[in-house]
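The structure appears below as structure tokens.
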Amino acid sequence: MTYNEKIISMNNDLLDHQHKELFEISKKLSLMNQRHVGTKELKIVLRELLIMINRHFSDEEAFMREIEYPYINHHTRIHRKIILEIEEIIISEAKFVNIMTEKLNLVVQDFIFKHTAKEDSKIVKYYEEKFKK
């Protein structure tokens, strides 16, 4: 798995940095899949993931409001769906650490690569059309 800055650049330093941080958390989850991890270590990474993803979504939604992105409501619903999916995995797989880390890793990777490439790129396109003429 590699981090491709061109795919997920938002033309916003804060959001781009957060994407990199989420990528690093995804790497931690991936490494946890390859070895036995204790619940204490897992809780630290889960806390880091939830804090970062909520902070990122909040900052990204503020950016969308700032640029008056017309599809903010749709994009915000996608953010809520991602958070709910993460929370459901944590609840449903609480007793199965390896399954939980594997599923969470897939969701986070999907968010980082697919969501940013598909949905966040729409924000970038809107921003560039509106402000970089």
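Sequential numbering from 1, following the chain as shown.
The backbone N, Cα and C atoms fix where each Cβ goes, glycine too.
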- Taking Swiss-Prot at its word that HIS75, HIS79, HIS115, ASP120 bind Fe cation 2, choose the one of GLU24, GLU41, GLU48, GLU60 listed for that site. GLU60
- For Fe cation 2, residues beyond GLU60, HIS75, HIS79, HIS115, ASP120 with C-beta within 8 angstroms of the site's Cβ centre include exactly PHE57, GLU61, ILE78, THR116, GLU119, ILE123
- Given the binding-site residues HIS19, HIS75, and counting only Cβ atoms in the protein chains shown, which has the most within 10 Å of its Cβ? HIS19
